[in-house]
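What follows is a set of notes on a single structure, which appears directly below.
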Amino acid sequence: MGPVQIVSTIIAALVTIAAVVLAVRTVSRMVRVIRLGQPDPERFDRKGQRTANMLKEIFGHTRMLKWTVVGISHWFVMIGFIVLSLLVLGAYFEVVKPTLDLPIIGSWAIYGFVTEWIGVLGLLGILVLMGIRLRNLPTRTKGRSRFFGSTMWQAYYVEYTILGVLICGFLIRGFKAAAGDLPYPMWAAPVSHGIGSAFGGLSESAAHTGVTVTALIKILISMAWLITIALNITMGVAWHRFSAFFNVFFKRTASERPALGALRPMMSEGKPLDFEEADPEKDQFGVAQVEQFTWKGLLDFTTCTECGRCQSQCPAWNTGKPLSPKLLVLSLRDHAYAKAPYLLAGGGKDLTGEEKATQEQLANVNVLALAEADRPLIGGEADGGIIDPDVLWSCTTCGACVEQCPVDIEHVDHIVDMRRYQVLIESNFPSEAGVMLRNLENKGNPWGAAQNTREDWTKGLGFEVPRVTDGGDFEYLFWVGCAGAFEDRAKKTTRAVATLLHEAGVSFAILGEGETCTGDPARRIGNEFVFQMLAQQNVETLNEVGVKKIVATCPHCFNTLANEYGQLGGNFEVVHHTQLLAHLVATGKLTPVQPVDGGVTYHDPCYLGRHNRVFEPPREVLAAAVGAKADGADGAGANGGNGITEMERFAERSFCCGAGGARMWMEERIGKRINIERSEEAIATGAQTVAVGCPFCLTMLGDGVTAKKSVGEASNDVEVVDVATVLLRSLKPEPAEDAAR
Ligand code: SF4
Ligand code: SF4
């Protein structure tokens, strides 16, 4: 061992010890902070499925690969990071003795081959990611970049670290090749041999010194990174390399699906809260303090990589609202860790608002943490609030953020948890939504319509719509929904669906006046009490009638009936009307004969598409209607060969209409109207028919298109209609006219 090796070894050892001690201390603190959250026992079930899913998501990069170039680049960088760890480990041997390799596998040609190519592709990957980041800088994209609000120095630092370590790895191999010590043949490590040729003029001892010094640099870069992230506990762009495994493992669904569809119920002692037995002194009603999120919530906040995918897809952010799902998560993360010293010292408020800790316990807590503890979770800037009320109420619960998040953060659950406290305890929510809640409580529907007008839509259909009270057998309970029963445009869809089911000979019946709102708007706004009241009543009614199968036209009803009533003892097989219609068309029970002219585009409703993965059936129905032309499905400008012209954002990336999350009943005062943004996209397809599969989308896009027509920015021929109406028109022009009245 020469003097260079001795000095290098001592430096490497000292820096490594310091880095590891700091990192262990930070990880232990991180775990203690995450454990401050509330219990969430359901995250520990189906461990085998969770493990398989985690491995598939992380190593298959299922979410990342939806952004192909970024996904591929990131995959190589991630694998490169794992390989890098081996290369860094090898550097400790090279520092001691330049001819040494990693024990056991280090001199194996296959190891050399794999690490060589992962290194090359990792290098290319990191360069691509750096290029993408530079191209999307907030300064270049007028502040609406997905990186707006991300801590840029941290991302650059991580990227340059990976770049530096990879370059060092190749230089070490090059020096070894020059000294004749590289144990891999040319086929296994051509790049390293090439670099070795460039160092061909070096003496053996100079090459050995090169190995030692470069290995030391590699260790110093790596340990500087470890020290930096240890000193920055909220540096998610680095920590996610470790925490993402746990976050994906503990996701709510234990499967590949993101946490969409059913909302997480309010919990009491690890079980869903039943309001009939709720005790305000014991049960937490929503989230008013950051530590009232579950431990998984705190793990979510810790894991955010600041990639901004969620932000780039958020309809609120894209129309100038103050809500960005990324910035919301980052605010909660920063607040949680800033408040942590106070909480870890035993501080915190009980459910009556009393301080739990004694003055002595809090005596050593730093003033910054005490000040942070005083900040309200929801509040405006003047009050020092962490989340502005306008941020909280801007969310449409469309799920685009959850769908896109590569580390499975569950934004919608967190947003609704905060809404629950504001609604149930503070009664603090947009006043106009109060009318909707009162109507739900008093009349069983958000419009406040008289219950005895629920069946008015059946008048003049030309056939008798069967009621469950008639006593006959039926296969499907046709769940009409409040919009379908009371809202004029939605009633046309209801009539069209009933006509189609009748034409196809489907055995169905309606509850009529026995139906009330499913409770979806109450639940999404945060009023779990009203939701439970309505849901329990409906579950009772449906169980009494012996309902097994339900067909619903409203995706919000569909989602609640299919995914949430199970939490209250209502287990039914639920289909959306487009699914049933697609089946009836495919089995020849409904045969379109009259082609739909003028082009068709389809808007995916969030609660049908993203939340419930129903993307194809509505398109199949429309394709059948368009394909009624003698020469097959050849709609103008069709993207998918099915006659439908897709909008710029469709299917999983569909853009919300603006009505979800009870936003239908709130004023949209900030930024551009979401329905206008979406209507512009629909109009840009040039299609005359904008088909939807949701009564709320029908209203929102209908209003949006009307507004564009009024300023001459849309042709008067453009029409927004439900998929069922399109099918009915293509099936039988005469009854279609009649049913659509
Ligand atoms: S659910 Fe939709 S509106 Fe709400 S934060 Fe996520 S992307 Fe934005
Ligand atoms: S997509 Fe997920 S990881 Fe990326 S910024 Fe949003 S919350 Fe964070």
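Using N, Cα and C of the backbone, Cβ positions are placed for all residues, glycine too.
Per TrEMBL, domain '4Fe-4S ferredoxin-type' is recorded for 295-325 (among others). Sequence-distant contacts of the domain '4Fe-4S ferredoxin-type' (295-325), counting only residues of its own chain at least 6 positions beyond either end whose CB sits under 8 Å from a CB of the stretch, comprise 30, 33-40, 43, 67, 144-151, 154-155, 234, 236-237, 239-240, 243-244, 246-247, 250, 252, 332-333, 336, 388, 390-392, 394-396, 398, 400-407, 409-411, 413-414, 417, 653, 655-656, 658, 670-674, 677-678.
The DSSP breakdown of the domain '4Fe-4S ferredoxin-type' (383-415) into helical (H, G, I), extended (E, B) and coil residues amounts to 16 helix, 1 strand, 16 coil. The domain '4Fe-4S ferredoxin-type' feature in TrEMBL is assigned to 383-415 (among others).
Feature annotation from TrEMBL assigns transmembrane segment to 6-27 (among others).
Residues annotated as transmembrane segment in TrEMBL: 72-93 (among others).
Annotation source TrEMBL lists transmembrane segment at 105-132 (among others).
Same-chain residues lying 6 or more positions outside the transmembrane segment (153-172) and placing a CB less than 8 Å from one of its CB atoms are 77, 80-81, 84, 87-88, 91, 94, 115, 119, 122-123, 126-127, 129-130, 133, 147, 191-192, 195, 210-211, 214-215, 217-218, 221-222, 224-225, 228, 232, 235, 237-238, 306. The transmembrane segment annotation in TrEMBL covers 153-172 (among others).
The feature transmembrane segment is assigned by TrEMBL to 184-203 (among others).
The feature transmembrane segment is assigned by TrEMBL to 215-239 (among others).
Put simply, of 6-27, 72-93, 184-203, 215-239, the stretch with the most CB pairs closer than 8 A to the transmembrane segment (105-132) is 72-93. Using a Cβ-Cβ cut-off under 8 Å and counting only residues 6 or more beyond its ends in the same chain, the transmembrane segment (6-27) has close neighbours at 91-92, 95-96, 212-213, 215-216, 219-220, 223-224, 226-227, 229-231, 233, 242. For the domain '4Fe-4S ferredoxin-type' (295-325), the model's pLDDT averages out at 96.
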